[in-house]
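Pulled from TrEMBL, these are the features on record:
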type     : residues : note
SIGNAL   : 1-18     : signal peptide
DOMAIN   : 120-429  : domain 'Peptidase M14'
ACT_SITE : E395     : active site, proton donor/acceptor
TRANSMEM : 432-459  : transmembrane segment
Amino acid sequence: MNYKIYYFLLITFSVVNAVKDYNGYKVYRVVPRTEDDVKLLEEFRRTSVGEFWDDNLVVNYRVNMMVPGDMQGLFLNSTRQTMIEVEEVIPDLQKAIEDQLKPATGFRSSETFHGYSWDRYHNLETINTWMNTLVQNYPGIVRPVVMGRSVENREIRGIIINYKPEKTNKLMGILEGTLHAREWIAPATVTWIVKEFLTSTDPQVRAMAENIEWHVFPVVNPDGYHYSFTTHRMWRKNRSPESFGTCEGADDDMSHGVDLNRNFDFVWMSVGASNNPCSNTFAGPRAFSEPESRAISQYVLNLKEQGEIIYYLAYHSYTQLIVIPYSHVTGSDVLLANNYADMYEIGIRSADAIAKRYGTVYRVGVSSEILYPISGGSFDWVKKVADVPITFLIELRDLGEYGFLLPPEQIIPNNLETMDGLIEMDRVTKLLGYYSAGAISKVISLSVLILCSMVIVLFN
Ligand SMILES: [Zn+2]
């Protein structure tokens, strides 16, 4: 082989496969207190003084920032002269990344289910292999399903759990995990819920598992999730090359992907989304430009033809939130979601149940009020277009102490409290009448009836 070609291939191979190294990096939690503070943080981002774990920079919103060793002096000196609050949360980022891969010991860490465990975070292949094992071990109850394919042609795989396949007029629920690649606690939670549905003897879990046909997708962004294991631990988006280009002050690889939770075709690109391919919240060149978001939407619409979908739960991390649709609205506009009051009630009771076990506090509300406004998210689209009554985005542990690098020791405690919340969510949902088909239209017709009676009384 010509040596020039050889070196070209060698360099290309090295660039493509170089594992992102965070040696010397620290993570700081910063809270801007004025508009000038926000401008300074934006300048930090533009000039690569640091990378943020959250692209939303607004007054009083705390955000984690990764700062390389050679920038820490500049960062600390610059912020000292401002109102920005700075707290070091991860003193050695590379070590935290490596520590997260070490299996936990202690509390229930030896527990396994068909070769799968929750003492560590598993890669895509292990999750997919485990789902195959469940299909073989639960014939007639668990079936495999492929939602579609990713940009890099990976299957978006899941399972359907149905204890009453002969039943007509079925109720259905969808669990969506890992739309964002680096949020590893999401698939660790969704797989635990599957295990509970298949093994729990708690009557409430049994009822939930057996009265609803569950469509479970632990990883809907398989390329990004795979990439977060092999190359770039902090990867969030999918791996779309369509808008690849030069990223000023940042690694060009940043433009290699679309934020799938900004790519859905409902109020797309209106707020809390970026048209810059180098941003972590790049909404894509157009709504539904990505095969992963198209696959989810098509799957939901097809399923709607087969029965009533009552749940759509999208698992993310971190911040401990139960988010109600819609994410672009605030104030009285929250009522745009026709059963907002019910979802709020269900969310609050679920958060109370979560807190009971370890005191973990979850906040409940629309994104604009408890996080920040966003648009183009999957769960908002599901609520608006597929009209699924109980739709939430759930941001799991923690509050930013470890963020995406949640230690494996916290997986099982997180899963136990999440399950408590899910049981209560289902109890209240049932109590509010959502198990009866067409509950929503009944609620609406009842409201119309009451309104008509009031008008009649007024005019008599
Ligand atoms: Zn997320």
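Counting begins at 1 with the first residue displayed.
The backbone N, Cα and C atoms fix where each Cβ goes, and this holds for glycine too.
If you draw a 10 Å sphere around the CB of the residue listed as 'active site, proton donor/acceptor', it holds 25 other CB atoms from the protein chains shown.
Looking just at the domain 'Peptidase M14' (120-429), the mean pLDDT is 97. In the three-state DSSP scheme, E395 (active site, proton donor/acceptor) falls into the strand class.
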